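> Here it is, the structure, as structure tokens.
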Amino acid sequence: MTTCFHCNEPVLTGDKFFTTIDGQAQAMCCPGCQAVSQAIIDSGLANYYRFRSEPGNRQNALVPDELNQFSAYDLPEVQQDLVHRQGELDSISLTIDGITCAACAWLIEHKVKTLNGVTQIGVNSTTQRVMVSWRPDTIALSTILKQISDIGYQAAPYQVDDQEKLSKAEGRKFLLRLGLAGFATMQVMMFAFALYSGYFTDLDVELRDYFRWVSMIFAAPVVFYSAQPFYFSAIRSLLSGKLNMDLSVSIAIAGAYIASCIATVNGTGEVYFESVSMFTFFLLLGRYFEQQAKQKASVSSSNLHKLIPVTAHLIQDGQTIEIAAKKLKVDDIILVRPGDIVAADGDIISGLSSVNESMLTGEQMPVTKNIGQKVFAGTINIDQPLEIKVKALGQDQLVAEIIRLQEFASNNNPKIALLADRLARYFSATILTIATLTYFIWLQISPDDAFWITLSVLVATCPCALALATPTAVTCATAIFTKLGIITRKSGVFEKLPQINHVVFDKTGTLTCGQLSLGTVKLFADIDQEAALSLVANLEQGSLHPIAQVFTPFSDKNLLVTNINHQVGKGVQGIYQQQVIKLGSLAFCIQNSDNLNIDVHSHHQHVYLSINDKLIASFELNDLIRPDSEQVIKTLKAQSIMVSMATGDSSGHVKYLADRLHITDIHSGMSPESKLNLINTLQQTKHVAMFGDGINDAPVLAGANISIAMGSGSAIAKNSADLILLGDHLSRFNDAITVAKYTNKIIKQNLAWAFGYNVIILPLAVTGHVVPYIAAIGMSLSSIIVVSNSLRLLRLKL
Amino acid sequence: MSIIYVLIPIAMLFVLIAVAIFFWAVKSEQFDDLDRQSVSILFDDDNQSSPSKPNAPKNEPLTKEQPELPL
């Protein structure tokens, strides 16, 4: 099976599409991939194919030029919000869809660098962002965006999450502290080894003191600079009257350091510099992992929060001007052309067309709209131009209502307190109590040693392993998820996934591919199937109707169809070789449909082709069920997880699909509110996971215990979900549950070990047997064991 | 053995320099995109030298022979 040279998807259109690269014709799977690879070669950037380590992004069918113009970005109101002006240069930061590896970053940079007027460009492949500066009088932003789109990447401005702004600065400071702690710890360890020899052989007092002073100097930056986060966190928790782990950590670090300084100056007692440094280092490492995970999540949140400017064509005094959608007022009249996005909720005052409302209702087939009917912001006009009188703006629109519902749902979502956090609280209290007790008891027995033994208790029981237990496992599990193509947006996912006992699926776009495809073709006359398909493709060329998209790969440049005329709700007709060809419903195509061998009660959609009123062919159109849907549902049921379907569709297709997939609990014709109510009812007794992809799923995704958005879904859905499935492979969900269960097991093992270690060392410390090198060995061993155990996660075979 | 009183301060100086360089590297954003930095030296296009260096094992060869030599 040949695979597309660009994106590695299987090629189903024979050798129709190809691009000549380095003198050899390479197969392409669709017009999109072909156009993109041609653009890459034409720009002299064929090296991209040499450098890349991952296949390119699958290009959807060629988007008609009207939709691709990006002219909205040049409007002054839009530029005001998004573009940063400094002197003669404009600059903007954009998020890019479609980056798969570092070579993509190289490709984009080199393509845009060559444009006249661009002064600077930098692509970050980790955060998937590009920063570009240009001279506005030489080149327009829309041109830059078009160039990027030509080579297959979609760039869009985005809203920086507040969370992310904080994360970035924090992350860097963390790295500085961590690096310093690392360097210093290495040095202090070296001297500590020298000092350990004092326990086994003779060590000159001068040398011993010298090493102690040097250790003290090296440990100072660690204690005063690197450990700052712990001190601040401890003070904050004290001020709010709670105990947290950082309190005992701060006491241990500060106390041990000061005591060791005193010991160095006086030349008596024990020094714990290496334990203090190592301890700070390991703890910082754990915190750094956590912070990086949060940062990744907030970066992908920001990237999903795209600010694509919406424009409208305002009709004023007989003229049409393009303005930003936010400048519209109620009762303004706007013109919505075929292919345009409707800019505001309103009533149709002129025109007849069909509108794609799939982003709001989830249904693929466009809805016919006539004069007097309502259209909604965000939907796409398909057939004919419409004049709309604006009736609702901003927060009054249907879309805004759905978003409000989503925010309400996410605020009322029950939060599961994480196991590790609860344990940590009890832990601190216990350790501090035991340390205090130890001090007072030893004060009676041997006052000189009391202080040092208490110190060793604090140092030895320091929750090093405990702090590393969860972050390391979560980081490894997240890495596996990334390899599987699952993006984690919120924390706590690994704990919540194994608890799921009920899954609700949306229908269109989740269980099905969401796009119409060609099913069975029946021929009623003496014509070749390919010829029939090409005829249809050429007849439907330029149409944005979902049915037309199905036939696009079969278009043939040599077939000339003229006088194309669309009839809304019925079909399309044209002239080919002086014959009238029609494509559409049966009634549209032929006059008399009595003696034909056609099953009109089939639950599949059909379109018919006729030439001069004689039926030639019928084409079955399916919204294909995803290939792994059936298997996923079977596996879930085998794990005693109940499965339901909740969809906005109320057609016969729902029952058909449910029967095919053996789902018995069906809810059809659901609005966003009713979906949310369904989940809330289920949540009273169960842990519910929800799968969705459209805007109408956003509220229910925010309300479920765990929600998963399909990678091809709307941005709002992805922004409300806990997990995003890239590539839309449903079967990865089962893998995710397996990984989460295993991760939980490993976390529990880590925690068990961390506590076990403390239980063993505590009596040894209390009875005065723990000297610095024992504390250091114990600490490093327990940390290594925890980290290695977490690394076992990476070996999981799925 | 008393040479150690000189050597250790010298070592401390080296560590100080290393830490300073590390701080500079983090502050100049070199740690922000580790994916990119690791391969950017291999994306040699200024002097068209042969990109036939073993880049990543997953690299697909365009043709059976290795790419051309510099012009």
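Any Cβ shown, glycine's included, is placed from N, Cα and C.
Annotations per TrEMBL:
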DOMAIN    A:90-156  domain 'HMA'
TRANSMEM  A:174-198  transmembrane segment
TRANSMEM  A:210-231  transmembrane segment
TRANSMEM  A:243-265  transmembrane segment
TRANSMEM  A:271-289  transmembrane segment
TRANSMEM  A:423-445  transmembrane segment
TRANSMEM  A:451-481  transmembrane segment
TRANSMEM  A:751-767  transmembrane segment
TRANSMEM  A:773-794  transmembrane segment
> Under 8 angstroms, Cβ to Cβ: which one of A:174-198, A:271-289, A:423-445, A:751-767, A:773-794 has the largest number of such pairs with the transmembrane segment (A:451-481)?
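Per the Cβ under 8 Å count, A:773-794.
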> Can you name the far-off residues of the same chain, 6+ from the ends of the transmembrane segment (A:751-767), with a Cβ under 8 Å from a Cβ of it?
419-420, 423, 434, 438, 453, 456-457, 460-461, 463, 465-466, 469-470, 774, 778, 782, 785-786, 789
> Where else in the chain does the transmembrane segment (A:174-198) make close Cβ contacts, counting only residues six or more beyond its ends and a cut-off under 8 Å?
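Apart from its flanks, the transmembrane segment (A:174-198) reaches 207-208, 211-212, 214-215, 218-219, 221-222, 225-226, 228-229, 271, 273-274, 277-278, 280-281, 284-285, 287-288, 291, 772-773, 776.
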> Quick one: mean pLDDT on the domain 'HMA' (A:90-156)?
87
> How does the domain 'HMA' (A:90-156) divide up by DSSP, counting helix, then strand, then coil residues?
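Secondary-structure composition of the domain 'HMA' (A:90-156): 22 helix, 24 strand, 21 coil.
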